[in-house]
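Novice: What Swiss-Prot lists as heme b binding site is His74, His106. If you look up Swiss-Prot, you'll see 11-150 marked as domain 'Globin', on the strength of sequence analysis.
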Amino acid sequence: MPIVDTGSVAPLSAAEKTKIRSAWAPVYSNYETSGVDILVKFFTSTPAAQEFFPKFKGLTTADQLKKSADVRWHAERIINAVNDAVVSMDDTEKMSMKLRDLSGKHAKSFQVDPQYFKVLAAVIADTVAAGDAGFEKLMSMICILLRSAY
């Protein structure tokens with residue numbers, strides 16, 4: 001299932017949730033390294049996205065990105081937001097509330113182009129559980145909610 005950022009997706013099944021939790025656990029247990037690796041992969045594959053991060057200006061190589069405290073800080077925030085979604089899979093109202101709030105911040109305060117949510121979600125899905133339809137469905141749920149303020 002490709003990751004989508006509009007419309008809706010079917011609810012996650014119990015089996016999908018179990019598989020997501022299993023795939024996510026080792027990533028989150030090493031969240032600092034995992035988060036930086038994901039964000040570096042995102043920026044090296046999609047350099048135009050970096051323009052929305054003024055603090056990352058001038059960081060042009062993967063090594064520079066990995067060594068940046070600002071990149072590490074933002075990577076941790078991304079990983080924690082995904083973790084909140086994983087933890088909240090059984091409480092979609094809670095997940096929706098948190099992600100809609102995050103959407104508002106990205107739309108109004110940071111003016112991020114929402115197309116990049118889907119690109120980053122694909123990098124996360126590929127890193128965590130490449131080809132797993134359930135994880136891609138969760139990433140779609142996240143992307144749809146992150147676009148809600150746009």
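Yeah, the Cβs are placed from backbone N, Cα and C, and that goes for glycine too.
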Novice: Helix, strand, coil: count each for the residues of the domain 'Globin' (11-150), based on DSSP.
Specialist: 112 helix, 0 strand, 28 coil
Novice: Tally every other Cβ atom lying within 10 Å of the Cβ atom of His106 (heme b binding site).
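Specialist: There are 20 such Cβ atoms around His106 (heme b binding site).
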Novice: Under 8 Å between C-beta atoms and at least six apart in sequence, can you list the same-chain neighbours of His74 (heme b binding site), or say none if there are none?
Specialist: Leu39, Phe53
